[in-house]
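So that you can see what the record holds, here are the features copied from Swiss-Prot:
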- 9-29: transmembrane segment (TRANSMEM)
- 40-60: transmembrane segment (TRANSMEM)
- 125-145: transmembrane segment (TRANSMEM)
- 147-167: transmembrane segment (TRANSMEM)
- 185-205: transmembrane segment (TRANSMEM)
- 258-278: transmembrane segment (TRANSMEM)
- 289-311: transmembrane segment (TRANSMEM)
- 327-347: transmembrane segment (TRANSMEM)
- 396-416: transmembrane segment (TRANSMEM)
- 425-445: transmembrane segment (TRANSMEM)
- 549-569: transmembrane segment (TRANSMEM)
- 721-741: transmembrane segment (TRANSMEM)
């Protein structure tokens, strides 16, 4: 076993040859390298598979022996400073390694077909392999210096992948936004690292925790300074894991290819922030104020992410806000000290969200056969619907991921989310109410995404939903500001509404659907992908190829069974608790991990009831209009009541405006930070040119003009010089006389 741990240093470096060789090949032998591009994809999968097997071996040994291994090399040693590099293998490292490698392998296999049309195929695989290397290096780091180095590499890879299609202005802006937002958090992380080094004199986790705990117990530190340093450390996690208020980059990150979103949201970038807080939890847990702050940020993010997901029309952005909300649950659990629950939810959410994103990519891939390559159309749920019979495997997989995220037993997220919800009651009733309410919102918006995508008719074939020939295709304002040139009225939250004779929207009414004769020519190809120029569109989507379906089916199985890791089946301790024993003992001495099944079932019944209520509301509002509900006069009469209807519309519109406008947070940042910075820059430029440069330039000009005046006065005649001389002497004498009176 010792020998296995000694070779664990190769974990982050095994995937590294692929991006290096691809880069050299494209520089030196571009034609040959491109002709063998499938070989490079195979090597990426092969090397990451070796890392996965190695990580599984380490995990099995840790479960059986509850051991922690650390190896350190000292590079610079003197009396005052030592720089050490090494690797740490503990339960957190092994969990993250398995998560990164399993999801990474499936995403790479999926991407082989998804990116086959793209000229950037090799560049994509180089970025993805380097992304995996950076993340594996992050989770195996044994000190804060290594953490920061790999932290920045993860940020760089995310910048490259989000802006993969950099010729699209939207993608270029999105990667810049992600880069700048994360720089704010990374600067705080750097200051926090330096602050704790100044306090403890060490970067190594083991020494850092021990020295800091001793200083706290003997009251030898300034608590205000310590809290400030902890907040700065946490700022890095806030930015990386898209927590409020540095969450604004996450929905824009959907401008990259969908497999990138699956990797970022499941196992790499956003998981890095959760990993950092979990790694530093022994440091944070002795500072009560920072733990309260972590839980506060978590609960705000939980609710904010759920509300922002309510009215998204882009399928990937809806899933992105879902990720934000679920990461908030993990951060809330860490702030409450529920280390095991946070990591449990990290595992279950990773596989469920990877399943959803790969399913979303399969849907987008199928829609591109109808609308061509145009993300605004292929990812727009207004053009979807009725996909059940066309993509049945994708539909069933997406449904399973949806139900898992909703918290329906016995799927993965049910077990982990319930633990966090139950712990929240013990921590704060207010936080618990918000967390449980958000569970209902989660069920609502996830079911909404599913219904709009797969149920009903294939909406891309319909010219409009009002029976008017001149109404443009994007006339339904529910789906955003996509540009109705005729109708300016807002139909929000509830899909497929129609104006009746009184000018009010009606929920259920007969519609005349018009087939768009120009459906084949709806979308011009995008310039960055020339292969799409000659793509032939069809009238109906079709199921993705087996290369894309295989990873989806594997994640389908994971989502079904991974939740049982945390459930004690015919044994005293579940596998996850046994796995995490060294870390749990470090945080909570003599902790009791037994489960009260009666309390669990009671709380589970309550949580499932809330989720079921959210699903019912989604079905009530978003079930296709041709369903049996349209004949229920009771429902129609209820919504046609005057005052009640007006009140309902106001609430609906307010929710829609909040959600569609991203809570006005982006607008606030744009007004007060971007515009403010520009105004400050303009003022600084004016001050520099007119004041700083103006003073010396003005003195020079005045001297020049005075000299010119004096020069013009003197004409070279001695009589003139004598006249001015006696004049000045006379003036001087007069002044002197009056001063001495």
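Positions of Cβ are set from backbone N, Cα and C atoms, glycine also.
Beyond the ends of the transmembrane segment (258-278), by six or more residues, the same chain brings 92, 96, 99-100, 102-104, 107, 110-111, 114-115, 128, 131-132, 135, 138-139, 147, 151, 154-155, 158, 161-162, 164, 233-234, 236-243, 250, 284, 294, 316, 319-320, 323, 327, 330-331, 334, 339, 342-343, 346, 349-351, 353-354, 357-358, 360-361, 364 to within a C-beta distance below 8 angstroms of the stretch.
Remote same-chain residues near the transmembrane segment (40-60) are listed as 4-5, 7-8, 10-11, 14-15, 17-18, 21-22, 33, 89, 94-95, 97-98, 101-102, 104-105, 108-109, 111-112, 121-122, 125, 128-129, 132, 136, 579 (criterion: CB distance under 8 Å, separation of at least six residues from the stretch ends). The stretch in 125-145, 289-311, 396-416, 721-741 that contributes the largest number of Cβ pairs under 8 Å to the transmembrane segment (425-445) is 289-311.
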